[in-house]
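Asker: Questions regarding the structure given below will be posed in turn.
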């Protein structure tokens, strides 16, 4: 029986291994992590991450051929294939601070694999890592190998949160990068055979190591670039009276461009886009390509500009001050159908409003108060370290309250900010909400999910990103 072990029981490791276990009943899959609470959660009815469909997959396989354990060394020693899916945060100090990936956790995983291995292994990079990481890992393994043969593969994940299970069942492509040696090709074939249980052969691509590593960073950079492009257009639309939805629809009808990732919003978030672009920027700088680095930096600058622009619009619309005013924030996750708040634009928007002394009342159907308070009090990049290395009990932010329904959040508020496109926000009783708010009542729709015309009929002053401005907003220009 082939044995697979995955180090790291997070957003990537957990769902990916659960799907392999489901589709390959003849393979034994162990997911290991040093975090006891996280493994306990994977073994309970309350999984540590929310992802539609994940519960069912885990429950079908757990205890049969899918196991979650803190006995890292035992399962690594027994495995034929070891996936490494550990945190690769952005460095906050030292060489490359603010851009380069911190490979501390990766390196310690590699040293541990070399330490405990008694048989040949295929080691698979599953975390998003900088180009040439495989080379560094190879050196660590070969210098500590005690005669054991290790083959390194890069198998980047292309999951989108909220649709991860569907993405795993029917991926656009599975990318496997390996050495162009007989041993490397044999390792690629072994991993191909795992995925071939359910993925059509023409969707499994084999490349060299560097191409696989770079493809992941490039894919995320291209996706983020599209969002920043449409967000740049949204600012121009507001200035000229154009409608960004009509513009992006017309642009997306061009088959060379296509309609996906052309929704204007308050900005992109998630654990990968910003981190991967910063990583790409650093690699470009290290390879003497400053023009290329600056090009990709601009994607992040535009994202920051969009978040600042949104905050400025809120403050300017409300007589240039939100001091002491209650503002309801609906949605905190970085997108709908996930509880993930990593790099969510809501953090910067909330911090911007708090900087102007607003009182926030936050509601998100999947994010609890502890997580929201933690996010609002953590330093940049802290989120990307394992939980036990994050600040333990963050000081709660006094002007923030977290509620468990939208009506409570909006009661007596001066304004509402929609920061996540949860479906439930489209069907709220906005007449009831309006009746219980301070007047004038504002809605700032950071996701363009609400019917602005209907809201205006009720009496709201509405700001939708990239749409023609309310007369009120024209009189109160937001100065960046």
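Even glycines carry a Cβ here, placed using N, Cα and C.
The NAD(+) binding site annotation in TrEMBL covers 8-13, 33, 38, 86-90, 127-128, 161, 272-275, 342. What TrEMBL records for 272 is active site, nucleophile. Residues annotated as domain 'UDP-glucose/GDP-mannose dehydrogenase C-terminal' in TrEMBL: 328-452.
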Asker: Please list the DSSP helix, strand and coil residue counts for the domain 'UDP-glucose/GDP-mannose dehydrogenase C-terminal' (328-452).
Answerer: 43 helix, 19 strand, 63 coil
Asker: I need the CA-to-CA distance for residue 11 (NAD(+) binding site) versus residue 272 (active site, nucleophile), whole Å please.
Answerer: 12
Asker: Using the alpha carbons only, what distance in Å do you get between residue 8 (NAD(+) binding site) and residue 272 (active site, nucleophile) once rounded?
Answerer: 17
Asker: Residues with Cβ closer than 8 Å to the Cβ of residue 274 (NAD(+) binding site), same chain and 6+ apart in sequence?
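Answerer: Once residues fewer than 6 apart are set aside, residue 274 (NAD(+) binding site) is near 224, 268, 300, 303, 343.
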Asker: For the domain 'UDP-glucose/GDP-mannose dehydrogenase C-terminal' (328-452), report the average pLDDT of the model, please.
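Answerer: Looking only at the domain 'UDP-glucose/GDP-mannose dehydrogenase C-terminal' (328-452), pLDDT averages out to 90.
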Asker: Counting only residues 6+ apart in the same chain, whose Cβ is under 8 Å from the Cβ of residue 33 (NAD(+) binding site)?
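Answerer: Looking at Cβ-Cβ distances below 8 Å from residue 33 (NAD(+) binding site), excluding near sequence neighbours, one finds 7, 8, 9, 10, 13, 39, 68, 70, 72.
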Asker: Please report how many Å separate the Cα atom of residue 161 (NAD(+) binding site) from that of residue 272 (active site, nucleophile), as a whole number.
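Answerer: Counting only the Cα atoms, the answer is 11 Å.
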Asker: Would you mind reading off the Cα separation of residue 90 (NAD(+) binding site) from residue 272 (active site, nucleophile), to the nearest angstrom?
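Answerer: For residue 90 (NAD(+) binding site) versus residue 272 (active site, nucleophile), the Cα atoms are 11 Å apart.
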Asker: Long-range same-chain neighbours of residue 272 (active site, nucleophile), Cβ under 8 Å, sequence gap at least 6?
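Answerer: The list for residue 272 (active site, nucleophile) reads 128, 220, given in order along the sequence.
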Asker: How many neighbouring Cβ atoms, not counting its own, are there within 10 Å of the Cβ of residue 90 (NAD(+) binding site)?
Answerer: 20
